[in-house]
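Visitor: Let me give you the structure first, and then I'll get to my questions.
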Amino acid sequence: MHKGIRNWGPPLLLISPTIIILGIFVYGLIGANVSVAMSNRHSLQPATEFVWFDNFIELLTEDRFLHSLLNLLVFTVIFMVGTMFFGFLWAWMLDKGVTAEGGFRSIYLFPMAVSFVASGVVWRWLLNSAEGDRASGLNRMLETIGLGFLQNSWWNTPIWGMAAIAMPAIWQLSGYVMALFLSGFRGIPEELREAARMDGATEWQLYRHVIFPQLNPVMLSALVIVAHMSLKVFDLIMSITGAIYQTEVPHTYMWIALTSNDYAKSAAIATVLLALVCVFIIPYLVHLARSEKRTR
Amino acid sequence: MSVQTGLERAASPRDIAVAPTAGKAKRRLGRTAKYVILIGFVIVVLMPVYVLIVTSLKPPSDVNPATSWGLPVRWPWEPAVDGGPTGFDNWTTAWSTLAAPIGRTFLLAIPASLISALLGSMNGFVLSRWRFPHADIVFTLILFGMFIPYQAIMTPLVQMKTSLGMPSDISTLIIVHIIFGLPICTLIFRNYYVSIPNELMEAARVDGAGMLTAYWRIVLPLSLPGFVVTIIWQFTSAWNDYLFALFLTNVQGGPVSLALVNLSQGAQLANYGAAMAGALIASVPTLLVYILLGKYFIGGLMSGSVKS
């Protein structure tokens, strides 16, 4: 009995504050959120009844919400493709040996240190939708360098406007993906490359059969992180366009619902968002826990 | 036979005589192309910074969308003939608006990073050394808190704040950042402590040290790198946070992110010069962290990737 307390007591003492805090503020609040989402609390008045899935059905049949989901999808696809492309390209070029590698690396990575709110100030201006004589930002630059036909109204364009919003996000996070890939490249032992070259592998075969397979775990984590960042996009949109219909995603819609005291709706939107993130994260966490067990 | 052909190939004139010179020229071309591309990307990445700096130095009369890429017609140190505002005024306006919020953000980021890091270190120690039943599940449940979209807890959190009468200021944000920083801090420390050799812990046990003594005497003194990484991570995420700030505080008592958005999208005609000076000022602390502690900053980012 005493031995039990001596073995179990101290670790429990150390970890219990966190378990209690997270139990309340993560799991408790998620539960509370779902219960608000199933109530009819559409104003400051307390809920009078439990409506189960009515709020969700209403949401998923509402054009405005579907529009915000579509926006989120467009943003996510463009953002993921963009960061993976530039991140990989930069890492690959730097990996092959470059003087001043540290300089390039720091410059590509630095936007990561800046907040979306601060970069939003300048991107709001760069993505200004005026064209022609009144053009500013990117439109003005395209005009100046003779690519005037590429001018467009950026985030004011329906659907593809979200691709414009993804540009600053790509600018900000490609360097991070580069850092991940670079560490992946550096993790491949030189002997492995030498051995493949000795066997007469061409540069392409070397990549196809030796390097890419070794990069798979890095690519998986990069994809999961970028996807999950993308599904959380909020700061960037709020600081560039504010909560407006053209660039509405569920996150900004939820802010509008909450500030108009429609608690049930705001909680329902949040529940849908949580479900979306879980689709990516739960398999990933299970995969991590399993591979963790194997290495023990 | 295959060895034979291999030797023949190696000895063929194409490989020895021709290839090196042709290859050299080709390689030089390839190298030049690579640098051109890399430098091209440097220019693209730095473009927004150029616009920020140049615009912040322009007098308000010169901040015209049509000349957004041009250098200032009049630099801040060349005062206007009529004594009107210069580029310096952008900076003084931005500073007078942001000084108080920046102070509040330091008051937020410092305790939020120190306390989360300390709790994370304790958790990481327990989870890396102590195989209690279902430890993996507990760890996964803690990690999950890192990945949830905070919107998923925001509605009840706002209601909770209202019903408990918590203030719309930094004190509420400190608590929230400590709580939601716990998962990432736990993860970073756990991954760090896994690398401490078991023999060290065994030796402590042989010497009769209990778990708490071992943590206090052996593990904590070894933890400096872990603390550096978690504190950098927590400091930058608290500094850059906008979501919690917007939902839980107001501009009068909120952090710098809220004040900056207010400055750039204010009700009055947006003063772009001042907003851009403000964006630069608000980025200084995180950029300093990045420049001074760059190596660890990348380490912190990597830890965010769970395991790479």
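Every residue gets a Cβ built from N, Cα and C, even glycine.
Any TrEMBL annotation is an automated prediction that lacks curation.
Per TrEMBL, the features are:
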- B:35-53: transmembrane segment (TRANSMEM)
- B:102-293: domain 'ABC transmembrane type-1' (DOMAIN)
- B:106-126: transmembrane segment (TRANSMEM)
- B:138-158: transmembrane segment (TRANSMEM)
- B:170-193: transmembrane segment (TRANSMEM)
- B:214-236: transmembrane segment (TRANSMEM)
- B:242-263: transmembrane segment (TRANSMEM)
- B:275-298: transmembrane segment (TRANSMEM)
Visitor: Please give the sequence-distant neighbours of the transmembrane segment (B:275-298): residues at least 6 beyond its ends with Cβ less than 8 Å from one of its Cβ atoms.
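Guide: Distant Cβ neighbours of the transmembrane segment (B:275-298) are 51-53, 55-56, 90-91, 93-95, 97-98, 102, 105-106, 225, 228-229, 232, 235-236, 239-240, 256-257, 259-260, 263-264.
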Visitor: Find the member of B:35-53, B:106-126, B:170-193, B:214-236, B:242-263 that has more C-beta pairs under 8 Å to the transmembrane segment (B:138-158) than any other listed stretch.
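Guide: Comparing B:35-53, B:106-126, B:170-193, B:214-236, B:242-263: B:170-193 has the most Cβ pairs near the transmembrane segment (B:138-158).
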Visitor: If I count Cβ-Cβ pairs under 8 A between the transmembrane segment (B:170-193) and each of B:35-53, B:106-126, B:214-236, B:242-263, which range comes out on top?
Guide: B:106-126
Visitor: Which residues of the chain, 6 or more past the ends of the transmembrane segment (B:214-236), have a CB below 8 A from one of its CBs?
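Guide: The answer is 109-110, 112-114, 116-117, 120-122, 124-125, 177, 181, 184-185, 188-189, 192-193, 196, 200-201, 204-205, 285-286, 289, 293, 296-297, 299-300, 303-304.
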Visitor: Same-chain Cβ contacts of the transmembrane segment (B:35-53) under 8 Å, 6 or more residues past its ends?
Guide: 68-69, 276, 279-280
